[in-house]
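What Swiss-Prot says about this one:
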- HIS72, GLY113, HIS114, SER115, GLY145, ALA146, ASN173, TYR284, GLU367: thiamine diphosphate binding site (BINDING)
- ASP144, ASN173: Mg(2+) binding site (BINDING)
Amino acid sequence: MDLTQIQNPSFLKDMSISELEGLSEDIRKFLIEELSQTGGHIAPNLGVVELTIALHKLFDSPKDKFLWDVGHQSYVHKILTGRAKEFGTLRQYQGLCGFPKRCESEHDVWETGHSSTSLSAAMGMALARDLKKTKEYVIPIIGDGALTGGMALEALNHIGHEKTDMIVILNDNEMSIAPNVGALHNVLGRLRTAGKYHWVKDELEYILKKIPAVGGKVAATAEKIKDSLKYLLVSGVFFEELGFTYLGPVDGHDYEKLFETLQYAKKTKGPVLVHVITKKGKGYKPAESDVIGTWHGTGPYKIESGDFVKPKEVAPAWSAVVSETVLKLARTDERIVAITPAMPVGSKLEKFQKEFPDRMIDVGIAEQHATTMAAGMATQGMKPFLAIYSTFLQRAYDQVVHDICRQNLNVFIGIDRSGLVGADGETHQGVFDISFLRHLPNMVLMMPKDENEGQHLVYTAMQYEDGPIALRYARGNGLGVHMDEELKAIPIGSWETLKEGTQAAILTFGTTIPMAMEAAERLEKAGVSVKVVNARFIKPMDEAYLHDLLGKNIPILTIEEACLIGGFGTGVVEFASENGYHSALVERMGIPDRFIEHGSVTKLLEEIGLTTDAVVDRIHTMIPSKQKRA
């Protein structure tokens, strides 16, 4: 079948099971081929082909509302709703988004990117439906990994209490990104092997009521028997206790069983949870055999071999520099523990986990819990290293404020994927952390200019015992610089002059330092002398350095790959104003006041005007005397 000719899912209504099975093969082949060129979330989508087709066949989108938790598994949904022809642009600038996008299709009723939000949003839609007295199905699809998130459990509790009509699809592949952890995962494991409790209890009631005269009474008396049967057949039926009708587990790759179960769910009043067992990566051997999450989301790859197509790496990944330095220090300090919310592979903590399994804690998709747990460990003299992506740290903001900073606890937060991350787009850009951490009392915030300084700042953080300290580091690789063998502590709040200059100054840090240095060199050739400063401590700032610099009365440009509002540049302007300097001398470059879409980091930087050319032009406009343009 030519998938690019699909306009909407209505064609599925008249297809036979054998035809649907052929469509499944076509979709898997299409995904494997297309994603080999663009990269993307290949394994999750290969696992939900039959489930997605079954949902679109039996329900009527967009009237009936599908909410894809996290959203990375929505590619099949996009194909069935007329977007197959756009897959060549997947996750590219102004191309097809890798997550549901409301402006992209009327079938995308809820935007996602972070986990565990679908149930709460579905509850809101269902309540709105009931208040408006309309009739449509609301169907959140959530994975077993996302179900470990506290927000999802809060929503389950509320939905079950209110007895709201809703069909929750639990897509259980025993794996979110990395293997799942936690007691709820174990409950699901028991359910997988328990068989279909709900079918048995309903058939029992039907048979009892067929007995003449006494059948109804026997059936009523049997209610307690059914409750006992529930525990006998389904050990630990968590969802029934919350007020859901539990259906399953059902084979998520068997159309007959999917249709039977979903049709039953459609007729059932109140909240229903359909437990679907799927195989992540189904249909592509390298993805099927992956047990650690390598094929969850990938770049381009070679279909035949399963080898990833990667540029030759000339420098270590930032995540590896940080995690391996923490591991090195942990060998001589038993107080150091590493904590991750379900991202051990992404944060490069596999080596730490292998060497110190008792001191490596993966809490699952539970950022709030991870953060407060780290605080609790710090009260007992441990040195917790909390490795967390910038975008996911947003989810633990109150815990950082209330539990870490307020108590001034020695927690080292490694803020991975800081700055623009590219293809994952709006939901994953790490551009807000400076603004929401800089104003917190007791917080120290740093970002290194290269991987050598990065390892020294990790050492600095582990030596620091006066409160919380956080290190920002980017996605991708470092610069390939020489790495010192001996680690050293860098004085807290100290900046570094990278290039002397007399006519203007650039204050920046991290990934924008090469941009600033290149701009300064070009300006130098044009006769403009520009100082470049490595402002590696975003907080506290080097106040002595700032006093000296502002006292020279020269233009100052701050550059940051983070949002301007409340950012580093704002801090410099505030310092100038509060200390009687001419704050108009300070201008800022950074992320504007909007969400940044998906695309390559290079393209996105060009789009927002954060380039070497833009820096050169800005410095020219800031210097009063006319200069030859570089």
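Including glycine, each Cβ sits where the backbone N, Cα and C put it.
Sequence features annotated in Swiss-Prot and their locations in the structure.
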| residue | record | DSSP (3 states) |
| --- | --- | --- |
| HIS72 | thiamine diphosphate binding site | coil |
| HIS114 | thiamine diphosphate binding site | coil |
| ASP144 | Mg(2+) binding site | coil |
| ASN173 | thiamine diphosphate binding site | coil |
| GLU367 | thiamine diphosphate binding site | helix |
Using a 10 Å radius on the Cβ of ASP144 (Mg(2+) binding site), the other Cβ atoms enclosed count 24
For ASP144 (Mg(2+) binding site) and GLU367 (thiamine diphosphate binding site), the CA-to-CA distance in whole Å is 16
The number of other Cβ atoms within 10 Å of the Cβ of GLU367 (thiamine diphosphate binding site), counted over all protein chains shown, is 28
By the 10 Å Cβ-neighbour count, the most surrounded of the binding-site residues HIS72, HIS114 is HIS72
HIS72, GLY113, HIS114, SER115, GLY145, ALA146, ASN173, TYR284, GLU367 bind thiamine diphosphate per the record; greatest CA separation between any two, in Å, is 32
Cβ contacts within 10 Å for ASN173 (thiamine diphosphate binding site), all chains included, total 22
Across every protein chain in view, the count of C-beta atoms other than its own within 10 A of the C-beta of GLY145 (thiamine diphosphate binding site) is 27
